[in-house]
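The structure under discussion appears below in the form of C-alpha coordinates.
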(Lines of atoms letter the chains of each structure in order from A and count residues from 1; the text may use other names and numbers.)
(Lines give C-alpha, C1' and ligand atoms only; values in the text may rest on other atoms or scores of the structure.)
Protein backbone atom coordinates (compact mmCIF):
# COMPACT_ATOMS: atom_id res chain seq x y z
CA UNK A 1 0.00 0.00 0.00
CA UNK A 2 1.42 3.40 -1.01
CA UNK A 3 -0.46 5.28 1.69
CA UNK A 4 -1.59 2.94 4.48
CA UNK A 5 -4.63 4.29 6.32
CA UNK A 6 -4.06 2.42 9.58
CA UNK A 7 -1.77 3.84 12.26
CA UNK A 8 -1.14 1.24 14.98
CA UNK A 9 -0.87 2.79 18.45
CA UNK A 10 2.04 1.18 20.29
CA UNK A 11 1.31 1.24 24.03
CA UNK A 12 3.94 -0.93 25.68
CA UNK A 13 5.99 -0.40 28.83
CA UNK A 14 8.40 -3.15 27.79
CA UNK A 15 10.76 -2.66 24.86
CA UNK A 16 11.14 -6.38 24.05
CA UNK A 17 7.34 -6.81 23.91
CA UNK A 18 6.99 -3.80 21.62
CA UNK A 19 9.64 -5.03 19.18
CA UNK A 20 8.24 -8.58 19.27
CA UNK A 21 4.87 -7.16 18.19
CA UNK A 22 6.41 -4.91 15.52
CA UNK A 23 8.27 -7.87 14.03
CA UNK A 24 4.93 -9.64 13.40
CA UNK A 25 3.59 -6.94 11.10
CA UNK A 26 4.52 -5.60 7.67
CA UNK A 27 5.52 -1.92 7.32
CA UNK A 28 3.67 -1.74 4.00
CA UNK A 29 0.33 -2.41 5.75
CA UNK A 30 0.36 0.29 8.44
CA UNK A 31 2.21 3.08 10.20
CA UNK A 32 3.10 3.19 13.90
CA UNK A 33 2.24 5.71 16.60
CA UNK A 34 4.64 6.35 19.46
CA UNK A 35 3.09 8.26 22.34
CA UNK A 36 4.16 9.88 25.59
CA UNK A 37 4.69 6.71 27.64
CA UNK A 38 6.91 4.90 25.16
CA UNK A 39 8.85 8.01 24.16
CA UNK A 40 9.52 8.85 27.82
CA UNK A 41 10.63 5.28 28.54
CA UNK A 42 12.67 4.53 25.42
CA UNK A 43 13.36 7.88 23.76
CA UNK A 44 14.39 8.75 20.20
CA UNK A 45 16.36 5.50 19.85
CA UNK A 46 13.10 3.55 19.84
CA UNK A 47 11.82 5.66 16.94
CA UNK A 48 15.10 5.06 15.09
CA UNK A 49 14.68 1.33 15.68
CA UNK A 50 11.22 1.46 14.05
CA UNK A 51 12.65 3.44 11.12
CA UNK A 52 15.34 0.77 10.68
CA UNK A 53 12.56 -1.80 10.35
CA UNK A 54 10.96 0.24 7.57
CA UNK A 55 8.06 1.83 9.48
CA UNK A 56 6.77 5.39 9.19
CA UNK A 57 6.22 6.88 12.64
CA UNK A 58 3.60 9.27 13.97
CA UNK A 59 5.21 10.93 17.00
CA UNK A 60 2.19 11.60 19.20
CA UNK A 61 3.57 13.95 21.86
CA UNK A 62 0.93 16.70 21.53
CA UNK A 63 3.30 19.62 22.06
CA UNK A 64 1.69 22.64 23.78
CA UNK A 65 3.96 25.49 24.86
CA UNK A 66 5.04 29.02 24.00
CA UNK A 67 5.66 29.36 20.22
CA UNK A 68 9.47 29.29 20.46
CA UNK A 69 9.59 26.17 22.63
CA UNK A 70 6.88 24.31 20.72
CA UNK A 71 8.46 25.02 17.33
CA UNK A 72 11.86 23.78 18.52
CA UNK A 73 10.27 20.53 19.69
CA UNK A 74 8.64 20.14 16.26
CA UNK A 75 12.01 20.77 14.61
CA UNK A 76 13.57 18.06 16.79
CA UNK A 77 10.85 15.66 15.55
CA UNK A 78 11.70 16.59 11.95
CA UNK A 79 15.39 15.91 12.64
CA UNK A 80 14.40 12.49 13.96
CA UNK A 81 12.76 11.81 10.60
CA UNK A 82 9.21 11.10 11.73
CA UNK A 83 6.34 10.98 9.24
CA UNK A 84 3.87 12.92 11.40
CA UNK A 85 3.99 15.03 14.57
CA UNK A 86 1.27 16.86 16.48
CA UNK A 87 0.66 19.96 18.58
CA UNK A 88 -2.34 21.07 20.66
CA UNK A 89 -4.47 23.45 18.58
CA UNK A 90 -5.57 25.09 21.84
CA UNK A 91 -2.01 26.48 22.05
CA UNK A 92 -3.25 29.07 19.56
CA UNK A 93 -2.56 30.23 16.03
CA UNK A 94 0.84 31.84 16.74
CA UNK A 95 2.17 28.65 18.32
CA UNK A 96 0.93 26.54 15.40
CA UNK A 97 2.21 28.98 12.76
CA UNK A 98 5.68 29.02 14.37
CA UNK A 99 5.70 25.22 14.39
CA UNK A 100 4.74 25.08 10.70
CA UNK A 101 7.25 27.75 9.70
CA UNK A 102 10.20 25.96 11.30
CA UNK A 103 9.53 22.97 9.01
CA UNK A 104 9.93 24.98 5.79
CA UNK A 105 13.64 24.12 5.26
CA UNK A 106 12.77 20.39 5.20
CA UNK A 107 10.69 20.77 2.03
CA UNK A 108 9.07 17.54 0.88
CA UNK A 109 10.93 15.63 3.59
CA UNK A 110 9.14 17.47 6.39
CA UNK A 111 6.74 15.61 8.66
CA UNK A 112 3.01 16.21 8.43
CA UNK A 113 2.04 18.68 11.16
CA UNK A 114 -1.28 17.87 12.79
CA UNK A 115 -3.32 19.77 15.38
CA UNK A 116 -5.05 18.10 18.32
CA UNK A 117 -8.57 19.47 18.77
CA UNK A 118 -10.74 17.83 21.46
CA UNK A 119 -9.46 14.56 22.96
CA UNK A 120 -11.79 11.66 22.09
CA UNK A 121 -12.29 10.89 25.79
CA UNK A 122 -13.87 14.32 26.40
CA UNK A 123 -17.60 14.95 26.44
CA UNK A 124 -19.63 18.16 26.89
CA UNK A 125 -19.42 17.95 30.69
CA UNK A 126 -15.61 17.68 30.52
CA UNK A 127 -15.39 20.77 28.31
CA UNK A 128 -17.71 22.71 30.62
CA UNK A 129 -15.45 21.76 33.51
CA UNK A 130 -12.59 23.68 31.89
CA UNK A 131 -14.78 26.64 30.99
CA UNK A 132 -15.63 25.77 27.37
CA UNK A 133 -19.39 26.07 26.91
CA UNK A 134 -19.50 25.13 23.21
CA UNK A 135 -20.62 21.66 22.17
CA UNK A 136 -17.64 19.38 21.40
CA UNK A 137 -18.35 19.51 17.65
CA UNK A 138 -18.42 23.33 17.58
CA UNK A 139 -15.20 23.56 19.57
CA UNK A 140 -13.51 21.03 17.27
CA UNK A 141 -14.48 23.09 14.21
CA UNK A 142 -13.16 26.29 15.81
CA UNK A 143 -9.80 24.70 16.67
CA UNK A 144 -9.51 22.90 13.32
CA UNK A 145 -10.17 26.16 11.44
CA UNK A 146 -7.46 27.84 13.52
CA UNK A 147 -5.09 24.97 12.65
CA UNK A 148 -5.80 25.30 8.93
CA UNK A 149 -5.29 29.08 9.06
CA UNK A 150 -1.91 28.47 10.74
CA UNK A 151 -0.83 26.25 7.82
CA UNK A 152 -1.16 22.84 9.50
CA UNK A 153 -1.74 19.75 7.35
CA UNK A 154 -4.73 18.52 9.33
CA UNK A 155 -6.10 17.67 12.74
CA UNK A 156 -6.81 14.77 15.02
CA UNK A 157 -10.59 14.46 15.40
CA UNK A 158 -13.23 11.87 16.16
CA UNK A 159 -14.96 10.17 13.22
CA UNK A 160 -18.21 11.92 14.16
CA UNK A 161 -16.65 15.28 13.27
CA UNK A 162 -14.94 14.14 10.07
CA UNK A 163 -17.68 14.92 7.54
CA UNK A 164 -18.29 18.35 9.09
CA UNK A 165 -14.58 19.19 8.94
CA UNK A 166 -14.16 17.97 5.34
CA UNK A 167 -17.16 20.09 4.37
CA UNK A 168 -15.77 23.25 6.01
CA UNK A 169 -12.02 22.81 5.52
CA UNK A 170 -11.71 20.90 2.23
CA UNK A 171 -10.64 17.46 1.01
CA UNK A 172 -6.90 18.16 1.29
CA UNK A 173 -7.01 18.87 5.03
CA UNK A 174 -5.99 15.57 6.65
CA UNK A 175 -8.13 14.03 9.37
CA UNK A 176 -6.51 11.58 11.80
CA UNK A 177 -9.05 9.63 13.81
CA UNK A 178 -8.48 7.75 17.05
CA UNK A 179 -11.23 5.89 18.90
CA UNK A 180 -11.51 3.37 16.06
CA UNK A 181 -12.65 -0.12 17.01
CA UNK A 182 -13.22 -2.91 14.46
CA UNK A 183 -16.72 -4.39 14.83
CA UNK A 184 -16.96 -6.52 17.96
CA UNK A 185 -14.01 -4.92 19.81
CA UNK A 186 -14.03 -3.59 23.37
CA UNK A 187 -14.83 0.13 23.61
CA UNK A 188 -11.99 0.84 26.06
CA UNK A 189 -11.66 4.43 27.29
CA UNK A 190 -12.49 6.12 23.98
CA UNK A 191 -15.99 7.57 24.20
CA UNK A 192 -16.74 8.60 20.62
CA UNK A 193 -16.10 5.56 18.43
CA UNK A 194 -16.75 4.09 14.94
CA UNK A 195 -15.62 1.12 12.85
CA UNK A 196 -12.76 1.64 10.34
CA UNK A 197 -15.00 1.51 7.25
CA UNK A 198 -17.50 3.95 8.80
CA UNK A 199 -14.71 6.36 9.71
CA UNK A 200 -13.19 6.38 6.20
CA UNK A 201 -16.68 6.83 4.70
CA UNK A 202 -17.18 9.80 7.03
CA UNK A 203 -14.04 11.52 5.74
CA UNK A 204 -11.21 10.32 8.00
CA UNK A 205 -7.86 9.98 6.18
CA UNK A 206 -5.93 7.97 8.78
CA UNK A 207 -7.20 5.68 11.53
CA UNK A 208 -5.44 5.20 14.86
CA UNK A 209 -6.09 1.69 16.19
CA UNK A 210 -4.38 0.22 19.24
CA UNK A 211 -5.44 -2.72 21.37
CA UNK A 212 -7.65 -4.48 18.78
CA UNK A 213 -4.42 -5.00 16.79
CA UNK A 214 -1.67 -5.03 19.44
CA UNK A 215 -3.52 -7.51 21.68
CA UNK A 216 -4.61 -9.81 18.85
CA UNK A 217 -3.11 -13.31 18.66
CA UNK A 218 -2.48 -12.68 14.94
CA UNK A 219 -2.13 -8.92 14.44
CA UNK A 220 -1.12 -9.27 10.79
CA UNK A 221 -4.46 -11.01 10.09
CA UNK A 222 -6.44 -8.29 11.89
CA UNK A 223 -4.57 -5.63 9.89
CA UNK A 224 -5.32 -7.45 6.66
CA UNK A 225 -9.02 -7.66 7.55
CA UNK A 226 -9.18 -3.96 8.41
CA UNK A 227 -7.33 -2.93 5.23
CA UNK A 228 -9.63 -5.16 3.15
CA UNK A 229 -12.69 -3.50 4.71
CA UNK A 230 -11.40 -0.10 3.50
CA UNK A 231 -11.05 -1.00 -0.18
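Note that the numbers count up from 1, one per residue, in the order the chain is shown.
Just so it is clear, glycine is given a Cβ too, placed from its N, Cα and C backbone atoms.
Record features, source Swiss-Prot:
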type	residues	note
BINDING	11, 33, 60-69, 120, 181, 190, 210-211	substrate binding site
ACT_SITE	62	active site, proton donor
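Positions of the features from Swiss-Prot, shown on the structure.
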residue	record	CB count, 10 Å
11	substrate binding site	15
61	substrate binding site	18
62	active site, proton donor	18
64	substrate binding site	17
67	substrate binding site	18
120	substrate binding site	23
210	substrate binding site	20
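Residue 120 (substrate binding site) sits 14 Å from residue 62 (active site, proton donor), counting Cα to Cα.
In this structure, residue 61 (substrate binding site) is part of a beta strand by DSSP.
DSSP assigns residue 67 (substrate binding site) to a helix in the three-state reduction. Taking only the Cα positions, the spacing between residue 62 (active site, proton donor) and residue 11 (substrate binding site) is 16 angstrom.
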